[in-house]
Amino acid sequence: MPTLPDSAIASSNLPMARFAKSLRIKAARSRTSCAGDGVRPLTRKLFRDLWRLRAQSAAVVALLAIGIGMLVSSLGMKTSLGESRDAYYRDDRLSDLQLQLVRAPMRLTERIASLPGVQAIDARVAAPALLGLPGIDEQITAKLLSLDVPDKTPVNQPWLVQGRWPEPLLGSQEIVVNQAFMEAHGLQPGDTLAATIRGGRETFKIVGMANSPEFVFVSPPGQMFPQPDRYALIWMLRPALEQAADLDGAFNDLVLRLSPNADVAAIKASLQSLLGRYGAQTAQGRDRIPSARFLDQELDQLATMAKLIPPAFLAVAAFLLNVALTRLVEAERANIGLLKAFGFLPGEVALNYLGMSLVLVILGMVLGAALAQYLGEMMAALYLKVYRLPSLPFETTWDAWLIAVAVASLAGLAGSINAVRRVLKLSAAAALMPAPPPAFQHGSRLFERLTRQFDALTRVVLRRILGFPRRSLTTIAGVVCALSLLILARQFPIAIQQLLEVSFDHARRQDLSLTLIEAGGTDTLQALRRLPGTIQIEPFRNVPALFRYRTQSADEAIVGLMPDAELERLVDFNGLPQRVRDDGLIITQGLARQLGAGVGDRIDVKITTGRQVDLQLPVLAVVTVSAGNNAYVSLSQLGEVLQEPGRIGGAHVRIDPAELPAFHQAVREMPIVAGVSDLKRARASLARTFEEGAGVMTGIFVTFAVLMSVGIAFATSSVTLAEQRRDLATLQVLGFSRREVSYVLLAEIGVLTLLSLPLGVLIGHWFAMAFLKAMATDLFTFPMRFEPAAYAASAAIVLAAIIGASLLVRREIDRINLVESLKSRE
């Protein structure tokens, strides 16, 4: 950039017009010719400015990279997961409808297959089993499924990962086990596995490892989290399972594939007409298959994250870029004036600052692309641990990149537009003069009265804060945003911990839950009471039901509990229990949201199993629980509705730990028990599933908040130093110590930070509430809990980042050249 020494101006005898003309000629030559290194002067200035503002620039680039990375990885992961799911469902023929029944003859399969719109069916035998492994006393639950022609199953075709399929000529004791269970226990083809089926003990030989599109998410019945070491899926040849389950020539599980334009309602009605007498439940669509439902919810959460989180990062990056460039323009008034006086066009000077924004956006995109690939591959690896897909390659799409480029460019433009506008409006004459001091004529007397008790240096700081209100407000806004996001990052683990505490410490206080193969009566309950080590036992029963309210409907379950239940209770996030009654329903908040119903409304309920009872019940209460969308009634009321008083579907049990091995041994010998759920293991599994994702999210948000805090502190302190360099030097000449001069420099950001903290806590709390509400699904609701220690720790992190950045700027005071600073032009 051409320079003009003060001495040249003072000694020049040229008329002002000729002097200005010569400067314009020199500037024109500078624009049309390149320096020896081939770089235009303004380009060199651009990169010098970027280097001088490297701390703020690095923060902006990092924020842009994080925003772009999270946006592209979320959109790419949503696309990749959705495409992998769809390909898996299509290639391995996932069912469109499924239903369970008690026992139906195989002769009905021809009539079912001939229904209009039905492409293929598989009338299977399904049976629960309890497994035994050496060294493990706890119960391991399994679901056994029959295979007719193993490698040509028309619906829900399992795919073989390792080994082979069972062969009829080699005996009936060969089985194929799901991959997650085998990996959890280190099993291999050739190992043996003991199973108890309807009280009979058998030993099977594992010949293969497989997965199925029906069980992408493997969890025990009634559970909402994976337990790969305590739940197995086993496929075996049909004749062997028919004999073990006492279902010769019959089926009790039906899955169907439909044509694209099939009349689903008509098919469901036909199935109910054909199979209702055999104890059939209402056929459920793919959206009610537990595994498919979990995967759909995961895709919805990815879409929510893509909508909420990346825009926040990019908006803050734009804000920080605006702060840095605007304050750079304020600090470079003289240089801008000289450039315009030298003949550089206003647009050229403005493009210099717009170019800085463009460089930062490009760097952010490059780093964001690398981060997106890293995050995407990491997310794919995490998902493959939970969802058993054949493969999950992370791939980004052009539309995701177009959205990212558009949003990042918009962020860069929004961050630089204010600085560019100021450069264009600033005339050379005004820029070459010092900026006019802020006007205090309307409030100077009030200011003097309010600040009379402060020393002179403190009044200087306060006058500067009040004299530049827009700058002060932007600083406060930046600190508030950084603190808010840090509170959000810390709130998610707190919400998970609260969910675990309410669900497993207050609501579910049993040790084990037993489910029965079929509903039992009083004698069954007495048999369960006699199990070794039983301290307390509470029966329950749940049945599938269709809930309707006005135009909304939901397929969930209705659960019957004891009114005085102590082991399985309805407890909301505030720790308040609700007792079931005989005159109505208690529904969860998730079910209430699905139906649009509230307390006092009457809901139509249809029991979709057994007698297919229709009734209408009032809503007595809506309870906020962590998981599930069930409705609850008293066990006696449910028995009356089903015309089966006194019958139970299972029991919650509290056990003497010393008697646990004997208890499990006794349960294995009971043919009525279908499965056992261990609450301690369930809690550990749920915690592990949540914390894997929460840890990554917390780390990203903490990094984000620290970067923003550092950027704000650097911008504020650097501009203060640039604007007051002469004043700070004057204070030193007048005898003020460096400590006192540092106070003038740093007190401004200190006061603004202290003003920001209470507001940041309030906005952060609100932001966390909104985020947790947005992340809630039909299956999970995340509680909001205020923990002062977490908020204080968040504020401490922001303070530490700001103090560290400010102290780095404070070092410049030691480098102030008093002579040069005091010679600066007036």
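Yeah, the Cβs are placed from backbone N, Cα and C, and that goes for glycine too.
Keep in mind that TrEMBL annotations are predicted by a computer and have not been checked by a curator.
As given in TrEMBL:
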- 59-273: domain 'MacB-like periplasmic core' (DOMAIN)
- 313-427: domain 'ABC3 transporter permease C-terminal' (DOMAIN)
- 700-816: domain 'ABC3 transporter permease C-terminal' (DOMAIN)
- 58-77: transmembrane segment (TRANSMEM)
- 308-329: transmembrane segment (TRANSMEM)
- 350-375: transmembrane segment (TRANSMEM)
- 400-420: transmembrane segment (TRANSMEM)
- 473-492: transmembrane segment (TRANSMEM)
- 696-722: transmembrane segment (TRANSMEM)
- 743-768: transmembrane segment (TRANSMEM)
- 788-809: transmembrane segment (TRANSMEM)
What same-chain residues lie close to the transmembrane segment (308-329): Cβ under 8 Å, and 6 or more beyond its ends? 49, 53, 56-57, 59-60, 63-64, 66-68, 70-71, 74, 336, 353, 356-357, 360, 364, 407-408, 410-412, 414-419, 422-423, 426, 471, 474-475, 477-478, 481-482, 485, 704, 708, 711-712, 715-716, 718-719, 771, 774
Have the transmembrane segment (788-809) and the transmembrane segment (473-492) got at least three CB pairs under 8 Å, pairs 6 or more apart in sequence? yes
Taking the domain 'ABC3 transporter permease C-terminal' (700-816) alone, what is its mean pLDDT? 78
Between the transmembrane segment (473-492) and the stretches 350-375, 400-420, 743-768, work out which stretch tops the count of Cβ pairs under 8 Å. 743-768
Across the domain 'ABC3 transporter permease C-terminal' (313-427), DSSP labelling yields 97 helix, 1 strand, 17 coil
